[in-house]
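Note sheet for the following structure.
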Amino acid sequence: MESRQQYRWRFDLFRIPLIKWFVRKRWFQFAVITPNLAIFFILMIAGFYGLPVGNKNVSVLVVWILWWAALMILLVPIGGRLWCMMCPMPAIGEWLQRRTLTQKNEKNLGLGKKWPKFLDNIWLQNFSFLTVSSFIGVLTTRPLATAVMLFALVIVLPTILHLLFERRVFCRYVCPVSGFIGLYSMLAPLELRVKSREVCLKHVGKECFKGSENGYGCPWYEFPQNLNRNAYCGLCMECVKTCPLDNIALNLRIGGDDLLVEPWHGIKKRGLDEAFKVFIMTTLSILYALVFVGPYGWLKDLADVMGGATFKEMWSPQGNLLLESFNVESFLLFAGLVWGSTLLAAPAVFFAFSYAAKLASGVKHIPLKKIFINFSYSLVPLSLMSWVAFSLYILLVNGSYIVAALSDPFGWGWDLFGTKHFPWTPVLTSIIPYIQAALLIAGLYLSVKLAYRIAQRTMPSRNAAIKAAIPFAAMLTGLCLLYLGLWLDSFYWGWIAW
Amino acid sequence: MVKLRPSELIAIVLLGLTVLVTLFGPFYFDNVTRAEKEKEHVFYVTARQWVFEPAEFVVKKGEKVTFIVSSADVVHGFMVTGYNIVAVINPGEFVKITFTADRAGVFEIRCSVYCGEPLLNSGAGHWLMKGVLKVVEL
Amino acid sequence: MLVVFSALVFLTSALAFITGPAKAVTGSTKEFVITARQWAYDPPVIEVEQGDEVIIRLKSTDISHGIYIEGYDIRADLILEEGMPNEVVLKFVADKPGSFIFRCSVNCGPFHPFMTGVLKVNPNYAFQGASILAVLTGMLSLLYLAVFRR
C-alpha cells in the first residue's frame, strides 16, 4: 500500500493566481460548459434540419472528425478528463437537479436515489459504448443519426438520470465517452490530488465529499483524500471550492502510477470491468480501421446497417429515396462482430497469454484473475497510440470538409466565411504512414515498460517478474505488428481480401 | 423563494440568449436571406434521387431568372433544354445559374448526369428525373 | 523515458528517407480495369512493382465516382455526364514504394468518405523496416529494463 505516488516532476497549477481564482468561482462550470452546449445545440439543428449529405453536414463532421480527433490526440492524452470539465451532456440534468445554474442549494430536485451497488462499476459504460459502436456505420454517415444520438445523450438520458439519482451518475456510470476517457486519462500529465494526505486524515469535516455551504460534495463519487487515479475525477472543481484547508492541487506531472495502483488505496479492488474496457478499446481500434479505412466493401455494407444503397425496394412512388430500410440481418451480423470480437475473442487471446505468463513465472499463489486484470492495463499506451494513429489519419484526409462546412453549417446555401467552396484536400498523405509507425512503436515501448512495472508489483520476485513479462512483451509486439500491418501494409492480407 | 445572486442572474440571461440564438437563430437568418433573394426571382432547387424539388417553374418572358441548385445525395446534372444550360451539381454544393428568359414556351429540365436507377435497365430512376420550365408571354 | 521516446520517433521517421528514393522506370507497364460501385472498388487491391508504369481505367456500375491515390496525390473524376464515356484513365509511374490507399474523389452517397482501395507498390520497405524496428523494440526494451532498471 502506497501513500505517495512516484513522480519525476510535479507542478501545482493552482500556484498560478488566475487559475486558482477562476476555478473557485461558482460560475466556473457554467462558463466552460455553456459554449459547448451552444455548439451541441447547433449540431443537433444541423443534424435534424440540415442537408442529409454526411460529409457536408457539420453535425457529422464536427462530432466524428473534429471532436473525436481532438479528444484522442489532444484532450485525453494531455488533459486527462479535461473534456469532462467542459462537457455539456450532463448540464441540463444537473442544473435541474440542483435547481440553479451556478449557486449552491441545499435541497435538490428529483428523487435523489442512491446508485445501485451492483452497478458500481463501468459495465454499463462498456455496454453503452458497444451499443454506439454497433451503429457506428450509420452514425458517421447520416447527420440525422448523429443528431438523434446527441439528443439522447444531451437532452434525454442525463436529465432523466439526474432527476432520479443523486450526483452525476450519468457521467460516472453511463456515458459511453466517459469510459474510454477515464481509462486513457490515467496516462495524462494532468491530475487532481490532495497536497498532503496527512492533513486530510486529521480533518474531520470531509466537506470535499459531503459538501458545504460553498459547494457540492464530489458529484463523481470520488473522495479526494484517497484519490490516486485520474480515472473517475471529472475535474469539476467542486472539491476545490469546499475544502476549508485549501488542500487540493491540480498538478502537471511527469510520471505517475495510475495504471499500477488499486483505486482508493487498496480499499476497493480493480475488477474485470476496467480490463474489459481495455479489450474493447484495443479491439475496436482494429475493427474501426478495417471498416472505415480498409478496402472491404462487404464489411462496409455490414456496418451500413440502414442498408442504404441508392436502389432499394423501398423506393416510394413519390420518388423520395431517403426512405431507407433497417436491415436486420446486416445489423445482427455487424453487432455480433463488434460484441463478439471485443467481449469474447480479445479476452480469450489475452487469457491465453495470462496463463502463459503464470506458467512461465512459476508462481502458484497469485490467482490467474489477478494477473489477467493487472496486466490488461499494459495494453493502454499501445491502444491509445493506435487510436491516435486512426484519428490523425481521418483528420488529415477528411478534415478539409470541415472548412467548407463551417461556412454553410446546415447546407441551406449560406457562405458565412467565404470558404463554402473549399475543395476536399487530403494533407500530408505521403508521410502519414511514417507518423503512424512512429506513434505505434513508441506506444509499444511504453506498453512493454508498463508491463514490466506491473510485473514488478504483481510478482513476488524479480526473477518471476521478468519471466511473467516475457509472454506479454511478445503479445504486445505481436499487436504492434498487427497495427503496423493495418496502417503500413494497408490491410491487405491475401486470404481475407474482398 | 431562493435568493438569487448577481452571477446567477447573469447566467440565466446568458443561457436564455444561448438557447434563442442557437435554436432559433439559424431559421430566422435563413428566412431573411431567402426573402431577400425571392425579390429577384430566385428559385431554390434540390436534386435528389430521383426528383427535382420543386419540379415546376413558371416565369414571365423577359425576366431574369436564377436557379440555385443543390444535391441532397449524389452527383446530378441540371439541364434546361432550349436555353443551353448544363451544370453538374455536386452534393452539398449550391450552383447558381442566372439567365434571361427571352424565349416563350415550355422547356424540359432534366438530369444530365447518370445518377442510378432502382433496377438495371428498368428505365426508371435517373431516366424519369425531369422538371419543367414554363415561360409565359405577358 | 522521453529520450527513448524521441529516439524511436526519430528512427521511424528516418525510415521515410530509406524508402524515399525513387526508382527509374522499369519499362514494364501494368494496366488495371477498376470498377467502382457504392462503396467499393473491384478489384479492391492492385499490386505493382516499384518503377512500373501504371494505367488505371476507372469504370462505374452505378453513379459518378472518382479515384484519388494517397501519397502520390493524383486524382481522376468520373462524372457520368450525358454523352461522355463511362471510363476515365489515370496514368502514372509507381516510383514510390509502399502501400497506398486510394479513395473516391466524387461525392457518391453516405459512405463516400470511406470508399477505399489499396495500391501496393512492392517492395514495401516502410512496412518491413517498421516491423523489424517493432520486434527489436519489443524484445530489447524488456531486456534493457530487466538488466538496467531495478
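Cβ atoms here come from the backbone N, Cα and C positions, even for glycine.
With a cut-off of 8 Å between Cβ atoms, the residues of this chain six or more beyond the transmembrane segment (A:27-49) that come close are 57-60, 62-63, 85-89, 91-92, 101-102, 143-148, 150-151, 154, 236-237, 409-411. The transmembrane segment feature in TrEMBL is assigned to A:27-49 (among others).
According to TrEMBL, the feature transmembrane segment maps to A:61-80 (among others).
Look at TrEMBL and you will find A:122-139 (among others) tagged as transmembrane segment. Listed by sequence, the residues of this chain that lie at least six past the ends of the transmembrane segment (A:122-139) yet keep a Cβ under 8 A from its Cβ atoms are 60, 64, 145-146, 149, 173-180, 182, 273-274, 276-277, 280, 284, 288, 291, 300, 302-306, 331, 334-335, 338-339, 342-343.
The transmembrane segment annotation in TrEMBL covers A:145-165 (among others).
What TrEMBL records for A:223-253 is domain '4Fe-4S ferredoxin-type'. Beyond its flanks by at least six residues, the domain '4Fe-4S ferredoxin-type' (A:223-253) meets 2, 5, 7, 9-14, 19, 23-24, 26, 28-29, 80-82, 84-85, 168, 171-172, 182-183, 185-186, 188-197, 199-201, 203, 205-209, 211-212, 214-217, 261, 263-265, 267, 274 of its own chain at Cβ-Cβ distances under 8 Å.
The annotation transmembrane segment is assigned in TrEMBL to A:278-298 (among others). Among residues of the same chain six or more beyond the transmembrane segment (A:278-298), those with a C-beta under 8 A of the stretch's C-beta atoms are 126, 129-130, 133, 136-137, 140, 180, 183-184, 337-338, 341-343, 345-347, 350, 376-377, 379-380, 382-383, 386-387, 390, 393-394, 479, 482-483, 486-487, 490-492, 496-498.
What TrEMBL records for A:331-356 (among others) is transmembrane segment. Among residues of the same chain six or more beyond the transmembrane segment (A:331-356), those with a C-beta under 8 A of the stretch's C-beta atoms are 130, 133-134, 137, 275-276, 279-280, 282-284, 287, 302-303, 305, 368, 371-372, 375-376, 471-472, 474-475.
Taken from TrEMBL, the feature transmembrane segment applies to A:377-404 (among others). Remote same-chain partners of the transmembrane segment (A:377-404), defined as residues 6 or more beyond its termini with a Cβ less than 8 Å from a stretch Cβ, comprise 55-56, 58, 61-62, 65-66, 68-69, 72-73, 76-77, 183-184, 186-187, 259-260, 274-275, 278-279, 281-282, 285-286, 288-289, 292-293, 419-429, 432, 435-436, 439-440, 442-444, 446-448, 450-451, 454, 472, 476, 479-480, 483, 487.
The transmembrane segment annotation in TrEMBL covers A:424-448 (among others).
Listed by sequence, the residues of this chain that lie at least six past the ends of the transmembrane segment (A:469-488) yet keep a Cβ under 8 A from its Cβ atoms are 282, 285-286, 289-290, 294, 349-350, 353, 356-357, 360, 375, 378-379, 382, 386, 389, 393, 433, 436-437, 440-441, 443-444, 447-448, 451-452, 455. The transmembrane segment annotation in TrEMBL covers A:469-488 (among others).
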DSSP-wise, what's the residue breakdown of the domain '4Fe-4S ferredoxin-type' (A:223-253) into helix, strand and coil? 8 helix, 6 strand, 17 coil
Summarise the model's confidence over the domain '4Fe-4S ferredoxin-type' (A:223-253) as a mean pLDDT value. 92
